[in-house]
Amino acid sequence: MKQPIHIAVTGAAGQISYSLLFRLAAGDFLGKDQPIILHLLEISPALPALQGVVMELQDCASPILHGVIITDDPKIAFKDVDYAFLVGARPRSADMERKDLLQVNAAIFSVQGKALNEVANRTVKVLVVGNPANTNALIALSNAPDLKPENFSCMTRLDHNRALSQLAEKCDVLVTEVKNVIIWGNHSGTQYPDIQHAKVKDQGALSLVDHNWFENTFIPTVQQRGATVIKARGLSSAASAANAAVDHMRSWVVGTSEGEWVSMGIYSDGSYGIEPGLMYSYPVTISNGKVSIVQGLDINDFSRQKMQLTETELKEERSAIKHLLS
Ligand SMILES: NC(=O)C1=CN([C@@H]2O[C@H](COP(=O)(O)OP(=O)(O)OC[C@H]3O[C@@H](n4cnc5c(N)ncnc54)[C@H](O)[C@@H]3O)[C@@H](O)[C@H]2O)C=CC1
Ligand SMILES: O=C(O)CCC(=O)C(=O)O
């Protein structure tokens, strides 16, 4: 019998977690033969609702769920965890931009960064989902000086999946026949969903779709998909976000396939001229848990301008919360 692996999930009574926790308990992340112990963090007023979610988890009779800890204390939630899904944050309502969320959510991530620093496993893999995800991840990692920047990531996999799906639909192929789209930059309306290096059935995507569709339909559709879902549902994406969180963490553990990459928000090392020290989404390959930025892609003026626009937004977000960066 394998030893259980400890997984923290914050915002555990929220709508993303209501999908994510059951995916974890079903073995979709680490496999159906890997026991897990869930450490669930919520704010105190949400603990009664979380009790209800835990009852439902028990009622699934999952063979791999070997324990559930629920708490409102980050130091208990993150104690010795191997993986942390930082989902808890206030979500955006229809009249808000992600920037409005900065101040509200920044404080949460400095507290959680400090707690991870103190009590998490030194090899912990942290995924920040809560918005504004890139800057929240930067706050968390800068409050965790004893961990490495490589321990932290933020989620642009939902945007990546949205891009795969939009391109597959346009080309009338299965999503499995599309690969190597890229999300550059911030998980926000300035992100740059790039298909200039994407392949559809091994053909260059831009030989199959015209530039006007790429620029004026594809890019805004992917950039605005979150807002469009909010308008339609009255609530932000939840099941697709949970699915992307599982995809992101699973890629981190299992690795990427030969010749393929995924998009991940990581600590910039200056690749592609992006300022070092921002949490910027890049195309990455992963092997043995090590994330490497795909190097050597040709960047034309169109792409360069879009990559810089989203970089500028990330710099602005960083200056707005610089008091929280250690
Ligand atoms: N990166 C991405 O692709 C995506 C990010 N999101 C973001 O994910 C976050 C969560 O979304 P939902 O689950 O829909 O929101 P939700 O409002 O349903 O749940 C958030 C939960 O976080 C809890 N929470 C708040 N402060 C906390 C703290 N300090 N510690 C622990 N828990 C805390 C709340 O009590 C609530 O239960 C939002 O910020 C949302 O904008 C959503 C979709 C995609
Ligand atoms: O747009 C938001 O603020 C929440 C949902 C989100 O980040 C997304 O669906 O991409």
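Using N, Cα and C of the backbone, Cβ positions are placed for all residues, glycine too.
Note that TrEMBL annotation is computational and uncurated.
For reference, TrEMBL has these:
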type	residues	note
DOMAIN	6-152	domain 'Lactate/malate dehydrogenase N-terminal'
BINDING	Gly11, Ala12, Ala13, Gly14, Gln15, Ile16, Ser17, Asn105, Gln112, Val129, Gly130, Asn131	NAD(+) binding site
BINDING	Arg92, Arg98, Asn131, Arg162	substrate binding site
DOMAIN	156-322	domain 'Lactate/malate dehydrogenase C-terminal'
ACT_SITE	His187	active site, proton acceptor
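A map of TrEMBL features onto the structure.
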residue	record	DSSP class
Gly11	NAD(+) binding site	coil
Ser17	NAD(+) binding site	helix
Gln112	NAD(+) binding site	helix
Gly130	NAD(+) binding site	coil
Arg162	substrate binding site	helix
His187	active site, proton acceptor	coil
Gln15, Ser17, Gln112, Asn131: which of these binding-site residues has the sparsest Cβ neighbourhood within 10 Å? Gln15
Cβ neighbours within the same chain of Gly130 (NAD(+) binding site) - under 8 Å, at least six residues apart: Thr10, Gly11, Leu86, Val87, Gly88, Ala89, Asn105, Ile108, Phe109, Asn136
Could you list, ordered by sequence, which of these binding-site residues: Ala13, Gln15, Gln112, Gly130, Asn131, Arg162, have a Cβ under 6 Å from ligand 1? Ala13, Gln15, Gly130, Asn131
Stretch-averaged pLDDT - the domain 'Lactate/malate dehydrogenase C-terminal' (156-322): 97
Cα-Cα distance maximum in Å, computed over every pair in Gly11, Ala12, Ala13, Gly14, Gln15, Ile16, Ser17, Asn105, Gln112, Val129, Gly130, Asn131 that the record assigns to NAD(+): 20
C-alpha spacing of Arg162 (substrate binding site) relative to Gln112 (NAD(+) binding site), in angstrom: 29
Give the distance between the Cα atoms of Gln15 (NAD(+) binding site) and Asn131 (substrate binding site), rounded to the nearest whole Å. 14
Checking the binding-site residues Gly11, Ala13, Ser17, Gln112, Gly130, Arg162 against ligand 2, those whose Cβ falls under 6 Å of one of its atoms come out as none
Could you state the CA-to-CA distance between Ser17 (NAD(+) binding site) and Arg162 (substrate binding site) to the nearest Å? 20
Between Arg162, His187, which of the recorded positions has its C-beta surrounded by the fewest other C-beta atoms within 10 Å? Arg162
